[in-house]
Structure formats: C-alpha cells, structure tokens
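Visitor: Structure below; questions to follow.
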Number of protein chains: 2
Amino acid sequence: MKSCGIIVEYNPFHNGHHYHAKMAREMSGAEVVIAVMSGNFLQRGEPAIIDKWTRAEEALNHGVDLVIELPFAYAVQSADYFAAGGVKLLQALQCDALCFGTDNHAEMDYKLFGEFVNKNQTKIDEAYQQIKNNGLSYPQQMTEVFRKLYPKNGLDFSSPNHILGLSYAKENATYEKPMMLYPLKREQAGYHDTTIYQNFASATAIRKAVFSDELDQIRQVLPTQVAIDLVNSATVSWETYWPLLKYKLISSSIIELKAIYQMKEGIEYRLQEAAKTSDSFQAFMEKAKTKRYTWTRLQRLATYSLNNVTQQEIENSWNHSFIQVLGFTEKGQRYLREKKKDLALPLITKVSKNLNSELAVDIRSNQVYQLGDHRILEQSFGRFPIRIS
Amino acid sequence: MKSCGIIVEYNPFHNGHHYHAKMAREMSGAEVVIAVMSGNFLQRGEPAIIDKWTRAEEALNHGVDLVIELPFAYAVQSADYFAAGGVKLLQALQCDALCFGTDNHAEMDYKLFGEFVNKNQTKIDEAYQQIKNNGLSYPQQMTEVFRKLYPKNGLDFSSPNHILGLSYAKENATYEKPMMLYPLKREQAGYHDTTIYQNFASATAIRKAVFSDELDQIRQVLPTQVAIDLVNSATVSWETYWPLLKYKLISSSIIELKAIYQMKEGIEYRLQEAAKTSDSFQAFMEKAKTKRYTWTRLQRLATYSLNNVTQQEIENSWNHSFIQVLGFTEKGQRYLREKKKDLALPLITKVSKNLNSELAVDIRSNQVYQLGDHRILEQSFGRFPIRIS
C-alpha cells in the first residue's frame, strides 16, 4: 500500500487540516495517509488545547488513516529537531511521500534544496559562524547565509511553515530512500492570522475564540465533531498550568533549575524572579522576555521546566524511539500489518510500565498535562489505539 | 526585665492561648512574655491556617510582648527538635522562665526529669536500642523505656503536650542557666478534642469549624480580632496546597524525591504512586499511610516535599540560627533593647536578600505558602516587625 505522511499538531484540528489530509492523498496518489502528531505539548512550547487521543480521533474521522505520536523530545523543539523526529518516524514506517504546508513557496524545489544542504553543510556552518554574533535573530541569520550560498531561491526563514518545509527537505535528503515531497500552498489563512475567513481559519484564531467564549463565530471553520469536543472536552492553555509552573520555578533551587534542558546563560535567575512577581503566564512571559530569547524559545523553556525535563532524559528519548500508535482506520491498521516486519523502530500499541525508563519524558509530561483538568483521562497506561471503522 | 517564654503555634490563636500567655506572666512573675512561634508550616507538618504575621499580631494583642519565629528547620519536626529550637531561641534571648501546657502532669517535677535524662542519656539510648524493633510506636517505646529507668513517675508519651513538656525539660537542662519551668494544666479542652466547650476549644475543633463554615458556633472561644481575621484573611489547609504537592510528587524523578529531607526506605515510590491516583490530600494520606509511618510523620514528609527541602538545607539552617522578630509591644521592644548586647544569636528585624542562603528554607517555604491564596502578602522581604502600642 502506498502511503503519504503528514507531520502535524492539530491545535485544534480544523478545516485546513482536513484539506491538508485530503490533498496529501490526492497529490501523492497514496492509499494511506499517516499523520505524525505532537502529543500533549507542542512545538512552540505550549500545552495542546485538547488532549492527544481526542485530537487523534478527530483526525481519523477526517482523512487520516494512521496517527503516530511524535515524542516530546522531538515535538517540543525548534524546526530542525521537530522535522528530524517526524521524518524519522515516517521513514521507520516505510512511508513513500511527505506532504507539508508551505506559505508562499509551493513552487520551490524542496528536494533540490535538501540535497544542496546535505552536500554543503560545512560551508553553511562556516557562513553561520561568521555572522552568528551580528545581533540578528536566527531566522534572519539563516536567510542571510542562504542568500549568499544558494542565491537562486529567495529563501525566507521567517515564515514558520516554510522553515518546517525546509527542515523536512534537509532531513529527508539524509535517508537512503527519501520520500517524495509534496509542498501544499496554504489557502487563505496564514499561520499567524487571527482573522476568521469563511471556511478556513488559523489554529491561533480558533484558540483565541475558544478562550474568549466565542466558539459560535468559528463553527464554520471546524468539523462538527471538533466544535462539539471544544465545548464538551477539557480545553487547556498555558494559563491552566501557570500555578504549577510558578510553584516549580519558585520552589526549585537555582541548581535544580540549571539541570532543566536548555536552561543556560543564567536565564534560570530571570525566570525565577519573573515567576515570583507574576500572576499569570502572560505577565510572566512579558517579564521574562529579552531580546536574546524569542517568545517561542522561552515558552519551550517553560514547558521543559513544567515537565521537569533534563538534557539526559531528552537524549535518552532520542536514543530510544518508538512508533507509538494513537489510532487508525481499518486501512491504517491494514497498512501497519503489512509493514510490521519491516518497521525500523519498535511498535507500541499499549504503553506498559516496563517502558517507564525509555518513555520517562512522555509519561511524565502526560501526567502533568492531566493535572490541567479533572476531565482529562489517563494519557499513557491502559490506552489502546483508537479504531475508526 | 524578667521574662517568661512560651513556645507556640497558634493555629489559630484562641482563648486557651490567651489564658496561657496570662498565666505565664502570673506564674513566673515576669514583666515580659516572649512567644517563640512556628512560622507558616507547623510541627505536625501542616500549613498554618493563617499566616505568621497575622497570628503574631493577634498574640501581641492578647498577652504576648514579643513574637520570635521558630525557623522551619526546627518547627516542622518531632518534639525533640521542635523543643530544641524553641529553647535555643529563648536561651539566646536570655529568657528567665518557660511556661508550657501539660495535659495531666502539672504536678510532675519536669526539672528533675530533665536533669535525669541529661545524666542518663547513654542508659536511655541502650534501653531504646533493645526494644526499638519490638513493633510498637515510638511513643509507646519511650513509655516503656522510662517505666524501667524512671519508675517514680508514670510517664505517658502518648499525650502531645506532655511529650513537648518532657522535651523542653530535657533540652533546658543542657544549658548552663536553665530557665525556671512552669507547667500549666490545660483547662477543659484536650489537644485532640473536637467538641467545643463554653469558652475554650482546641485549635483542631476551631479549624474544623472554619473549614465547614461554622464559624458562628465557635465565636465564643476566640478573641474578636481572631474571629474577624478568620473571616477576612485567607485561611488555608493542606487541601489548598494539594494540587501543588500532587504536581511535585508526579513531576519529580525518584532520584529527586530521594533527595528530600527524611525521604528514605523507599517511601518515595509509595508517595508518588499515591499522588497519581488521589484527588485530595485526605485521599492521598489515606493511600500513603502504612503502619510504619504515623499520619504526622507522613504529613511532615509532605511538607518537606512541598517545600523541596533537603537534608543539607535543614542542617544549614540549624547551623545558622537567627532571632527573627515578627512583632513586639512597647514592653517587648524595650526588652530587646535592654538585652541587645547579650543576645547569643544574631537579631533579624528585616529579612534582606543577603540572607538568601542562610534563610533559604524559610524564604522558600514562605513563598510556597503565599501561593495558597492571592490575599496572602509577601512573607519575608520588606516586612518589619509588627508594633503594638
């Protein structure tokens, strides 16, 4: 069975995601669409608005055949790591193609770009070393590096989806059998848009509507099931976890904070001080913000802190990857059966306690996520893949 | 100026405490009554129902002249350590006498008992070693030890106030100039009583009434100011901090939990497991409870965990004791001035950031306590002693 992968977050699932799954199938001619989806904490360092099992079920009802969890150690990361995890899992699943959204670069040859980067990594690193202290942001620096080395494409590293696309392409080119790449032009709603269009809206706009109790204004951009879930299920945000993060930052010693993944350069002092005097996550972020740290980087640090994650645990997770199945349709299940013997990573269809060590970060982050609302069910143990017939 | 000390918790302050302060003055003939009071976490491993500054003010309005804070490292401890801290501070303050409540042993010669223990500590230790594995509780074992070695007094180690009295006596006898001891028979309400009498009630009964919104039934056992404070100020209990403790136990690795003061013998596994499946502190305690661990010992472990306290930090606090003043009357202030040059420990009338290391446990526990309610004011920095004229 021919398959096409998509790497997603679904925060929450909306019509644009439905369209993406549909187009992935159409463009690639694949029989099976595989979504590698972030779990309960997301790339930009946020808790998912709805838990991963609910989001997986929504996806399975709207064009996806198989949902695999992207582990925390890859999901809550900058584009390169996020992409590395997603591509690793799709490759392990013997996936034939990858379809990803791109903002204004659907015409670009991503494959060529990926091959170029793989051949010229030393040159790229050298060029980066020369300008890395020029005071610009990392995206701006990367734009500059590639303007010099790869002039034929006007690469722009400030568009989040495009950056991810480039990262997928780079990563994919490192494999023996790269997947076919299908960039998909986004229709209407850009990543950061907060306006709601007729039938599409960005996830950002939808979350905003949910938390300001204006769900009625966005029903038309959501599948019916999702609209119902957003009312009936627990919806959480960073503010939900703020009392716990505040407690964590206040009750930890500086030495303990220093042990948190990515906590360096003295930022631990700044976070602790900001926590003491803030009454909301928003206020905390505004106080902690510096030129040196982007909002997203700080949010990731907050997520690592909340989940008490260390460098060693992240590396341990990288070294012990699994294909954790959140759900499948009949077709997705058939695909798994067909490929079972050729999978490059061990398959998990039920988390058992003897994976406590390998899955430490994922299990812990699931438990912390569950503290956000008493209606959130157990996220790890005793859960079987969702099966949609 | 002649002074009489009392060692107290005031959880909350009630008529019985008012009577205690009054009798301390009368029995000792002292001009100044000094209360050494637990801060925001108490001997039995609980958060104080009202913050320490409010409790200090209530005491100063009802017979106490000077309120000194008993540091966390002494306060949240079994009787011997609690007594050691209280007596140490009173001795450092050149206190002449000590008046303490006793349940049914007001006629006992505590001084003689203290001297006996000091002379015979080796014998006592030996006798204890012989029976320490007999399966009885520590209070029962101590009763047995003293029944053999000190037969003239029918000592009973199961009454909390009496145990404290014995501990004060032992500790006091180790000093060059022991304080005069004034045991005070409790009127009517015993420590564990939950019934409310005409004008006296146990603190336990009062807390119960507060948290079941039955304050009207206990107004007659409280000074008016306290009754008002219990309505207008933030009142907290273990349930208030349960979400934070649950998060702490769930988000910490076993290695981190093992580093908590007094966490040993594998109890960390038990506490973590109990936390995962409990929705209240009460449920958690009932699940965690074993024959080996008394309720109080478990509550102290919970308090150490909540405040992330290590063995090293406790020892550091023991080695750096201060006389931290929470408040005084005019007379109390005059007493401090008079003794200023002879104080055996450094005096703190304002916590400054350069004491961050010595006072780490106290500052942190104050910050954690403050998380219980947004109405709780900053507890350490920028606070001056309360002055009642």
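Using the three backbone atoms N, Cα and C, a Cβ is placed for every residue, glycine included.
Here TrEMBL flags B:7-20, B:GLY101, B:ASN161, B:ARG186 as ATP binding site.
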Visitor: Does B:TYR10 (ATP binding site) have same-chain partners at least 6 apart in sequence with Cβ under 8 Å from its own Cβ, and which are they?
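Guide: Looking at Cβ-Cβ distances below 8 Å from B:TYR10 (ATP binding site), excluding near sequence neighbours, one finds B:HIS17, B:ALA35, B:MET37, B:ALA48, B:ARG55, B:GLU58, B:ALA59, B:ALA203.
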Visitor: Between B:PHE13, B:TYR19, which of the binding-site residues has the fewest other CB atoms within 10 angstroms in the structure shown?
Guide: B:TYR19
Visitor: Quick check on the binding-site residues: of B:ILE7, B:ASN161, whose CB has the lowest count of neighbouring CB atoms inside 10 Å?
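Guide: It is B:ASN161 that, of the binding-site residues B:ILE7, B:ASN161, has the fewest other Cβ atoms within 10 Å.
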